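Visitor: Have a look at this one before I ask anything.
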Amino acid sequence: MTSGIRPIDVLLQRAAVRGHQRAPSDSKEFHEVTKRDALRLLENEVDRLLQTTESARRPALQAEMGRFADLFGRFLQEEGPSLDWNKIQKLPENAVMDYTNLKSPKNEQIRLMLDKLVVIKLNGGLGTSMGCHGPKSVIPVRSDLTFLDLTVQQIEHLNKTYDANVPLIHTFNQSCFPRISREHFLPVAKDFDVEKDMEAWYPPGHGDFYDTFRNSGLLKKFLCEGREYCFLSNIDNLGATVDLNILNKLVGEERATTPPEFVMEVTDKTRADVKGGTLIQMENKLRLLEIAQVPPEHVDDFKSVKTFKFFNTNNIWANLSAIDRVLRERTLNMEIIVNNKTLENGLRVIQLETAVGSAMKCFDGAIGINVPRSRFLPVKKSSDLLLVMSNLYTLKSGSLVMSPQRMFPTTPLVKLGENHFSKVKEFLGRFANIPDIIELDHLTVSGDVTFGRGVSLRGTVIIIANHGDRIDIPAGAILENKIVSGNMRILDH
């Protein structure tokens, strides 16, 4: 959850100051009453907001706000991190399969398998951390092709190659929930005109996928068509292509008598992934553990590469009938992530979110599959963009394939300075073209640095321009195991 004083504690303190003191024996009961009051006040405010929109839209919005109120009610009931660290069990041997043990399907089986699949791409955040406006899916990645263009190419190639009809372009919107003031614990929105005041609203995380997928009518449509599984991934992860070996495990020749209802692709954790979600066993169920759920005293344990070897790629395969079942039976219970934000006007708010992978524990026979790192190529920062735009990868039918000239299967560790490289437009302006990084192991760039055309970076390269200085790497320069300092001295690393 979140550290420090929660808004509910503030609410309780204020109630006490106003003279509503209770004897110690009554404190628990008083706590519950105050929580009910907080929920009732919020529901009243949500009802008021609903009255500001057209009557035709109200039924759908009322259902959406009902889910928001449920989430808020659950948030009120939870105290501190939603996990008892001492209940974590050792992962069973069969909890995570090794990808190399999966078998490839026979060619004549592939089209039949693909007929049972739906591909779903999460459109991604707004790319604001990279200086972009609008969904991340429309950021150009290679040759002016966006994430969305590449995704469409991948599916078109798949369908053409195997004479299949895997659906992709059916769009649906996730929910839009009101941000809550941390001071008075009520929505900051004045009315339901989201476009007018975008800052007052937020998408409640990708855990909202399940409800909105069903409410869009697409879940029912695909079940009626005989589809069995969906493959869900982030659109900015260019390694998340349809994998026929995993699909074979679920619906092909290698399917078990009772195939897993939920598969999470994980990969080996490195020191760059220490904050990523990991798999644990708890109460005899496999589940996702996010850093936000970890008690403060165990954060270092969570980050340990030895203790938790895997991390979640957010590539997920889920059985459509099972999704329908957990929604109907109301057994879908995902941990709440409390995201603290400060708006441009200085107002401190919280937004309550859920993660799609945390539904894992609600499904039967869930497993992890330890996949190669090549299936996890996310673009969260400009340093990631540098990698996917470089000659480290070639583009093949919408998929990025690592160059055979790369001697190691791992990608270089790239750190670009926040002040000069974090925004996409400025990042692109600092490179005449993207350097050759086939032989690069580690790159750190800090300060006002530009790169000429045809630069090659090899081994470990560190370039640091001191405040007020500027470094221009000349065209055609080859930097191998070099430290370039503020006065343009080039030293052996």
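Backbone N, Cα and C atoms are what each Cβ position is placed from, and that goes for glycine too.
Sharing the record's features from TrEMBL:
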type	residues	note
BINDING	K136, Q174, G205, D236, K380	UTP binding site
BINDING	H206	substrate binding site
Visitor: Going by a 10 angstroms cut-off between Cβ atoms, which of the binding-site residues K136, H206, K380 has the sparsest surroundings?
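Guide: Relative to the other binding-site residues in K136, H206, K380, K380 has the fewest Cβ atoms within 10 Å.
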Visitor: Are there residues of the same chain, six or more positions away from G205 (UTP binding site), whose CB falls under 8 angstroms from its CB, and which are they?
Guide: I337, E353, T354, A355, V356
Visitor: Pop the Cα-Cα gap between H206 (substrate binding site) and Q174 (UTP binding site) into the table, whole Å please.
Guide: 8
Visitor: 10 Å Cβ neighbour count around Q174 (UTP binding site)?
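Guide: Other Cβ atoms within 10 Å of Q174 (UTP binding site): 20.
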Visitor: Rounded to the nearest angstrom, how far is the Cα of H206 (substrate binding site) from the Cα of K380 (UTP binding site)?
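Guide: About 16 Å separate the Cα atoms of these two residues.
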Visitor: Distance check, please: Cα of K136 (UTP binding site) against Cα of H206 (substrate binding site), rounded to an integer number of angstrom.
Guide: 14
Visitor: Rounded to the nearest angstrom, how far is the Cα of H206 (substrate binding site) from the Cα of D236 (UTP binding site)?
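Guide: That separation, Cα to Cα, works out to 14 Å.
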Visitor: Using the residues the record lists for UTP (K136, Q174, G205, D236, K380), what whole-number Å value is the largest Cα to Cα distance?
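Guide: Binding-site diameter by Cα atoms for UTP: 21 Å.
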